[in-house]
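Novice: Here it is, the structure in full.
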């Protein structure tokens, strides 16, 4: 019964809340882990009490989970029981009144310009994998793209002659890329990306299919471990490093936000206040690898 109820809950979220696939997966994972915990303690999910949830949160803390992870788990559990209560599957919501632990705000981790240079000076090799990986990492630092945006790029979205890429996932935008990224992409497209019939994705795995989110993370971690074990490197850290280095070098916040895809809201109009030529000018002046 629990599995079918969780399925109904996730379907409700999908239809009514319009959550991303990753967010839905987080809800599913959090709720299923809580149900497993209750099952191991002989507790039916319909009979859970406030103390059951509080004890579970304490259990997560004892497991060394971060406050952010515990807060997210509680948020998922609350959503699950709000749903059950609204659908009259339970008479009382046991999650009501439980507050999440305060999450400590940490300074965002970024790489130094020297660390980025060390990373991108690595000998990636000239085979299919090496050319792809070099182009991927160069582009991520050059553009500040999210993983989902990088893997969604198509060949037709890249204009190497003009030094621009078109990002179509999320808020569509045209952003400049520097000479290092252009050179790496050109070499990858010409020598490393083998034509695959019907496959338009820019970045492919070694089987000729579109690179996945997990594949992208794996590539980044591989080179972090090779270059400097313990180096804090994830796709999001590359994105944050792009923004921080631009701002440190004097770029204005508004232009950097436009490049990152943030919407600037003025009254009832959502305006792109930075022209393409202005963005290119700022990029060439302030990006370390323009």
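Glycine is treated like the rest: Cβ placed from N, Cα and C.
The active site feature in Swiss-Prot is assigned to 239. Here Swiss-Prot flags 283 as active site, O-(3'-phospho-DNA)-tyrosine intermediate. Annotation source Swiss-Prot lists domain 'Core-binding (CB)' at 1-85. Here Swiss-Prot flags 106-290 as domain 'Tyr recombinase', drawing on sequence analysis.
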Novice: Round to the nearest Å and give the CA-to-CA distance linking residue 283 (active site, O-(3'-phospho-DNA)-tyrosine intermediate) with the residue listed as 'active site'.
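Specialist: So the Cα of the residue listed as 'active site' lies 15 Å away from that of residue 283 (active site, O-(3'-phospho-DNA)-tyrosine intermediate).
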Novice: Using DSSP, would you call the residue listed as 'active site' helix, strand or coil?
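Specialist: Where the residue listed as 'active site' sits, the three-state DSSP reduction gives helix.
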Novice: Do any residues at least six apart in sequence from residue 239 (active site), in the same chain, have a Cβ closer than 8 Å to its Cβ, and if so which, in order?
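Specialist: Sequence-distant Cβ neighbours: 140, 144, 145, 146, 260.
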